[in-house]
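Participant: Got these off Swiss-Prot a minute ago, pasting:
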| type | residues | note |
| --- | --- | --- |
| BINDING | 11 | Mg(2+) binding site |
| BINDING | 51, 89, 108, 172, 208, 244, 245, 246 | (7,8-dihydropterin-6-yl)methyl diphosphate binding site |
| DOMAIN | 1-256 | domain 'Pterin-binding' |
């Protein structure tokens, strides 16, 4: 049975939209990492630069390379010994390499290699996995899904040319990155087209504006977990291989049940 991977979010920033400042100290971050492991997480994604809604595109100028290193490396050093896969959410190859040297095995690049062209070479050198997220300034010359597919497949091809195997390249449709609500609805409805590329797909909707708008009511980020879980279920039905979430326990339980139901359906169809 194919297991949906649960990627737990560990933001070590003071300003992330959902949990900024909660895990800013190493001790707090380690405590949360242990909690997620107990809750069944498959991958812990450590991030040192905010991508909160409305955050400026010049975040790489606001948070220096040195500051990102100072936020991320002590946490990675403290948790990489645990029996769980560690990912680092960064668009800088220098941060990626420093973390990969410590034993990290996945890089989650919100700019899909577009910000730092050396990212693919670094990830390839260490035999790691990479997540490529659809991003941009929101201006596009073709419909959103078509533009997303062209952009992500172009970057995935560059990653493969750099030596990263096909099955180690994850595609993230970029919910929460510059898209209108209608464009995000279109992307969600057509997730199967991204799945059809045969790259593993990671869905990252957790607590985002899209979830708030889907609920059609004012809500704090922590009040959006059940609606996030609905997108997890929907994504699994569409064929995504992983989900990036804040509430690990809820989504782990849901994903286990969805995986069982999908496997049950598959077996019965192939018995008949």
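Backbone N, Cα and C define each Cβ position, glycine as well.
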Participant: Provide the number of Cβ atoms within 10 Å of the Cβ of residue 89 ((7,8-dihydropterin-6-yl)methyl diphosphate binding site), excluding the reference atom itself.
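Facilitator: For residue 89 ((7,8-dihydropterin-6-yl)methyl diphosphate binding site), the 10 Å Cβ neighbour count is 27.
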Participant: Rounded to an integer, what is the Cα-Cα distance in Å between residue 11 (Mg(2+) binding site) and residue 89 ((7,8-dihydropterin-6-yl)methyl diphosphate binding site)?
Facilitator: 9
Participant: Looking at the domain 'Pterin-binding' (1-256) alone, can you tell me the average pLDDT?
Facilitator: 92
Participant: If you run the three-state DSSP split on residue 208 ((7,8-dihydropterin-6-yl)methyl diphosphate binding site), which class comes out?
Facilitator: coil
